[in-house]
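Look at TrEMBL and you will find 18-41, 61-78, 85-108, 114-136 tagged as transmembrane segment.
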Amino acid sequence: MEDNLQNVSDRSIGFSRFFIVMGAIFAALSVMLGAFGAHALSEQLVGRSADVWQTAVQYQFFHSIGLIIIGILLLLLTTPKLLRLAGFLFLIGTILFSGSLYLIALLSVKNLGLVTPLGGLFFIVGWILLICAALLSTRIRA
């Protein structure tokens, strides 16, 4: 394995580790928050609030997997800048999108509704950058 990483910079290895760890943390949190919403908050989260909570959990989980994938791709593709930017957009998007939805569902805070689409925009741009990173990579590191 050590020989395979000779072509990968220490910076890419560090960011790879960071995105994989953050993705795993966000994934674990999404499972915990999903269970918390379904059980501990079942009486408080009714109707639309329950749907909003579930949407937050799902998007957090999806983008947790995206972060892990980005962490792996940092070791394989030759486009680390695009991948790092995509990863940070997923991180910030998760905090803005899912975080605002958790607060909206739990506290009925209406003026956070503008933060949610901004988080969604970060997700979209992150996915587009991931596509670009894959298409522009000159090779896959062996």
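Cβ coordinates come from backbone N, Cα and C, glycine included.
Non-local neighbours of the transmembrane segment (61-78) in the same chain are 5, 8, 12-13, 15-20, 22-24, 26-27, 30-31, 34, 84, 86-87, 90-91, 93-94, 123, 126-127, 130, 133-134, 137-141; each lies 6+ residues outside the stretch with a CB under 8 Å from one of its CB atoms. For the transmembrane segment (114-136), the list of distant contacts is 59, 63, 66, 69-70, 73, 77, 79, 82-83, 85-87, 89-90, 92-101, 104: same-chain residues at least six beyond its ends, Cβ to Cβ under 8 Å.
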